[in-house]
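**Q** Provided herewith is a single structure, encoded as structure tokens, for subsequent inquiry.
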Amino acid sequence: MRKAASITKANSATPMDIALEEAHAAGERGEVPIGAVIVRDGEIIARAGNRTREFNDVTAHAEILTIRQAGEMLGSERLIDCDLYVTLEPCAMCAAAISFARIRRLYYGASDPKGGGIEHGGRFYTQPTCHHAPEIYPGFCEADARKILKDFFREKR
């Protein structure tokens, strides 16, 4: 597990910059290039890229891995004062995990019309069975996030 990293002027990388780095690293490993970061009180407390192939685990999405790391670090399954930055619109599974963890804010890069669960697909947070919906900020560094995905899939074809 990584130690928390402060976000300061000396370290001008934003949380989404770090998520994009994680996405790039995931792509280098042959994973779908999605990265995520969880921030609490201005500190990055968790960061990960997809590892579904490496772990042979369909739930090893970047969002799930960061939620697990943050929960372990904080000693709680509730991440009430935490914000999640992710490079792609979360799927329904990840949207549910974000809700169950009580993430405060969700920032994501590219929209996902095929597999997204926020503004596409099941739109998890609009369902009556959803008990918590984070504040949602789509389109964060969208062009950069989309480029990483397009480049990855172009190489695969």
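Keep in mind that glycine also has a Cβ here, set from the backbone N, Cα and C atoms.
All annotation found in TrEMBL is predicted automatically rather than curated by experts.
Relevant sequence annotations retrieved from TrEMBL are reproduced here:
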ACT_SITE  Glu63  active site, proton donor
BINDING   His61, Cys91, Cys94  Zn(2+) binding site
DOMAIN    10-119  domain 'CMP/dCMP-type deaminase'
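Describe each of these features in terms of where it is and what it packs against.
**A** Under the three-state DSSP scheme, Glu63 (active site, proton donor) falls in the helix class.
Long-range neighbours of His61 (Zn(2+) binding site) (same chain, six or more residues apart, CB within less than 8 Å of its CB): Ile34, Asn50, Thr52, Pro90, Cys91, Met93, Cys94.
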**Q** Looking only at Cys91, Cys94, the binding-site residues on record, which one has the least crowded Cβ, with the fewest other Cβ atoms within 10 Å?
**A** Cys91
**Q** Starting from the Cβ centroid of His61, Cys91, Cys94, which together make up the recorded Zn(2+) site, report each further residue of the same chain whose Cβ lies within 8 Å of that point, ordered by sequence.
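**A** Checked against the 8 Å cutoff, the neighbours are Ala62, Glu63, Ile64, Pro90, Ala92, Met93, Ala95, Ala97, Gly117.
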